[in-house]
Amino acid sequence: MASKLFLAAALLQGALSSPLAVEERQACAAQWGQCGGQDYTGPTCCQSGSTCVVSNQWYSQCLPGSSNPTTTSRTSTSSSSSTSRTSSSTSRPPSSVPTTPTSVPPTITTTPTTTPTGGSGPGTTASFTGNPFAGVNLFPNKFYSSEVHTLAIPSLTGSLVAKASAVAQVPSFQWLDIAAKVETLMPGALADVRAANAAGGNYAAQLVVYDLPDRDCAAAASNGEFSIADGGVVKYKAYIDAIRKQLLAYSDVRTILVIEPDSLANMVTNMGVPKCAGAKDAYLECTIYAVKQLNLPHVAMYLDGGHAGWLGWPANLQPAADLFGKLYADAGKPSQLRGMATNVANYNAWDLTTAPSYTTPNPNFDEKKYISAFAPLLAAKGWSAHFIIDQGRSGKQPTGQKEWGHWCNQQGVGFGRRPSANTGSELADAFVWIKPGGECDGVSDPTAPRFDHFCGTDYGAMSDAPQAGQWFQKYFEMLLTNANPPL
C-alpha cells in the first residue's frame, strides 16, 4: 500500500509540474523503482528526476539525477562464472557484501542519534588528528533508513515495529557499489551531513568504496560491473576520480571511507582460485590508486582487513602483514590511510571469554584477539594501523553457524553493538555498522544466476533468499529478534 501511495503521489507531482500526459508518466517507473534486467517485464523508463542505471545484468534501477524520462534496454541473457570460496583452517572464506538493492523507496527524514556539537560549512576544509571517530557524531544512512521504513515496517507487527524504527536511526555506511551512485547518491549523502552541520551539528559521513574490476573474485554472489578484460582498471580509476571530485566539493564534511571489502584478503588466501590469481595485479594497482587519490585532509580511509576467521588464523597473519605493509609503502604511506576495517558483513564478536566451537583451533577467536595479533606485524612493516570493527550482525553469540567459514545469510545472528568510538582499546577506533542488515548476502536458489553454494541451506544459510542486495524481510526480522543489546 505504501508503495502504491508513493507512486500515486509521484504521478500527481509529475502531472502538476510538467505538461507531459499522465499516461506517459504512468508508463515509467518511479524513483528507486526497477527499470530493467534479465527476464524483467516492467517499465524500462524512469519518471522525471531519475535516470535508469544498469547495476548488473539482472537489475537496473531509477536513481535520482535526470530531468527527463530515460529508457534502458533489457539485458541479454548471459551468465557470470565464479569459483566458490574455499573453506580450510588457513584459507577461510570472506563475508558477503551488499550490491545495489532491487527496490529502494524514497528516502525519509531521519534525525541523528546523538546531540550536535558544532559545525562547519562550504568553503572550509574539515580536519582532524588521530581517531577520526573521536569528537564527531555519525549520521544515519537515509538510503538504508528508507528501506527499513518502506520495505520492512509495513509488514511488521507489535514490538518489531518500534525495533525496526530504532534500527533505521542507527548510523551505517552508504555503499558506492556501482559507479552511477557516485553521481546520484553520494552528493545527497554528503549534502545531508553538511546541512546537519550548518544547523549546529558536528557529523561525519560514512561511505564504502566498492567497485573493483573482477570484484568478489572468490565467490559468485556479489560480482560487480567492471571486468579486467574489458578495460576495468581504467574504468575503476575513473570511478575513483569521480569520488575524489565529490569529496573535494564537500571538503567541509569529515568523511570516513572503507576501501574495497572482500578484495585484498583474497590475495593472501585465495591465490589458488584462478580468478583471484588473475586479478591480483589489478587489485593492487586499483587499490593503490584509490588510497592515493582519496588521500585528502578531511578524509579517513580504512582498507578491508578480513576478519578473525579469515586472516586471523596464525598461518595467515604474517602473509597478510607482508601484503598490506608493502601496499602501504608502495602507495607512499598516505597520511589519511588510518588503518583497516574488519569483520565487514560478518558475524564475529568483539571480545569473548569462551571460544565458539566453530572457531576451534584458532586462538584468535574474536576480533579483539585478531587485531591484537595483527597490529604488531603491521607495525613491524612500518604501518601503525588502527581498526574499525563491523558489529552490525554480531549481536548473538555464539551464532548459528555450522562452520566459521559459512558467510552467507547465516541463521542465529542478530543486530549487534551500536556504533561508538568508546571501544576501550587503543587499536580500535570505533565499532561501526558497515553491512546494512536486511540486505541479502546471496540467492539461495541453486538454479538462479549468481548462486554461490555457500548461500545454500546445506551451509546454514536461510532459505528463500533473493539475489544479493535485495531486501530479505525474513532475515531482517531475525536480526531484530536476536539483537544484542536489545533494541
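The chain as shown is numbered from 1 upward.
Placed from the backbone N, Cα and C atoms, the Cβ positions cover glycine too.
Note: Swiss-Prot links C52 through a disulfide bond to C35 (candidates: C35, C45). The binding-site residues recorded for this entry are W175, W310, N346, and the Cα of W175 lies nearest to that of C46 (disulfide bond). Recorded residues W310 (substrate binding site) and C35 (disulfide bond) have their alpha carbons 38 Å apart, per Cα-Cα distance. Comparing Cα positions, C35 (disulfide bond) lies closest to E439 out of the binding-site residues W407, K435, E439.
For the recorded site, E439 (substrate binding site), the DSSP three-state label reads strand. Residue density at C62 (disulfide bond): 30 other Cβ atoms are found within 10 A of its Cβ, drawing on all protein chains shown. Of C52, C62, N346, all annotated as recorded positions, the residue with the shortest Cα distance to D262 (active site, proton donor) is N346.
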